[in-house]
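Asks: Sending over a structure as C-alpha cells; questions will come in a sec.
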Amino acid sequence: MNVAITDLICSAALGFVMSRVVMIGDNLAYIFHGPCKYFGNLTCFYGHAIMLHGMAHCMMLTVISFGYRLFVLRHPSPTKKMLWLTIALFYLPSFAMFLTFISALETDPKVIEALKEQRNNVDWNIVPHVFLQSFFTISNGGSATYLFLVAMVGCFAVIIMRRKAHLILQRVDNSLSSSTKRVHKTLMKALAIQASLPFLMYIADLIFTAMHFFHIQHSAVENSVFLLLMFPPALSPILSIYYVQPYRIGLKEWVTKVKKQKVQTINTVSTTRPSISRSLANSDHWN
C-alpha cells in the first residue's frame, strides 16, 4: 500500500508540474509545462519538490521491497511493526531532503535578472519558472547529491539482492512442487523487470550531471531528465497488477462488479421507461 500511494503521488506530481531543468552557470532554473502554471510559480515549485521527495522515497521503498523478498527466503517473515519501523527510518532522509530542497529557492531579484540575461533565448515573461541557488550550496547541491546517491546505490543494491534471491531459489528448486516452481519463476521474472526500472532514474541523474559539467543547453535534453523519471512510478503498479496474483484477481473482481452495476442500471432504466410511456398514454386517453 505504501508503494502504491508513493507511486500515485509521484505520477500525479509529475503530471502536475511537467518540469524542464535549465542549467545557468552554477545555478538551476525549472520551467514548468504542466497544469500547475495556472496556479503560480510557487505552486509549481512545491509540486516539483513533492515529486522529488516522492521519487527519493520510491527508490527507498524499492530497496525495502527487494530486501524483504530476500529476507523471507532465509528467515521468517518480520512483524508489521518491524516493517513500518523500517519504512519510517528509510523515510526520514527523504523528508530531510525535501525540507532542504525547498530552502534552495532563489529570491534575490538582482541574481534572478542576471540569470535571465545569461539564458536570453528563453522568454521568461511567458513561461512559469523558478530559479534555485548555486549548485554548490548545501540546499541545492546537497539535495542533488542525495538524489544521485539514492539512485546509484538503489540500482546496485537491487541488482545484488535480486541475484542472491535467484541463487537461493535455484538451490531449493528441486525440493519444490511444480506449482511453487511456477510461482517462483513468475516472481523472478517480475523481479528482473522491476529491477530495471530504477535504472531510468539513474540514467536521468547521469544526464543531469552531464548537463552541469559539460554545460549542455538543449531543450530535448533538458526535458528528458524528468521525462525519464515518469516511467518508474507509472509502470511499477502495472507490473504489480500483472505479476502479483492477488492484485490481478482483485482488479478482475472490481471490473466484473462495475460491469454488473452498469447492466443493472441499464435494465432498471429499460424497465422504467415502458411504465412511464404507459402512464403518459393513459393520461392522454383520459384527456
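Including glycine, each Cβ sits where the backbone N, Cα and C put it.
All TrEMBL annotations are machine predictions without curation.
Residues or ranges marked as transmembrane segment in TrEMBL: 12-33, 45-71, 83-105, 144-161, 191-213, 225-244.
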Asks: Same chain only, please: residues at least 6 beyond the ends of the transmembrane segment (45-71) with a C-beta under 8 Å from a C-beta of the stretch. Say none if there are none.
Replies: 2-3, 6-7, 9-10, 13-14, 16-17, 19, 30, 32, 34, 36, 78, 83, 86-87, 90-91, 93-95, 97-98, 101-102, 105, 130, 143, 146-147, 150-151, 154, 157-158, 161-162, 164-165, 168, 187, 191, 194-195, 197-198, 201, 226, 229, 232-233, 236
Asks: Apart from its near flanks, which chain residues at least 6 from the ends of the transmembrane segment (191-213) lie with a Cβ under 8 angstroms of it?
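Replies: For the transmembrane segment (191-213), the far contacts come to 21, 23, 55, 59, 62, 66, 69, 135, 144, 147-148, 151-152, 154-155, 158-159, 162, 165-166, 221-222, 224-226, 228-229, 231-232, 235-236, 239, 243.
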Asks: What stretch in 12-33, 83-105, 225-244 has the biggest tally of Cβ pairs under 8 Å against the transmembrane segment (144-161)?
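Replies: Answer is 83-105, with the largest number of Cβ pairs below 8 Å.
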Asks: Can you work out which residues elsewhere in the same chain, 6+ from the ends of the transmembrane segment (12-33), have a Cβ less than 8 Å from its Cβ atoms?
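Replies: Distant Cβ neighbours of the transmembrane segment (12-33) are 41, 44-45, 47-48, 50-51, 54, 106, 111, 115, 118-119, 122, 127-136, 140, 208, 211-212, 215-217, 219, 222-223, 225-226, 229-230, 233.
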Asks: If we skip the immediate neighbours and take only residues 6+ beyond the ends of the transmembrane segment (225-244), which ones have a Cβ under 8 Å from one of its Cβ atoms?
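Replies: Beyond its ends, the transmembrane segment (225-244) has Cβ neighbours at 3-4, 6-8, 10-11, 14-15, 18-21, 51, 54-55, 58, 186-187, 189-190, 193-194, 197-198, 200-201, 203-204, 207-208, 211, 251.
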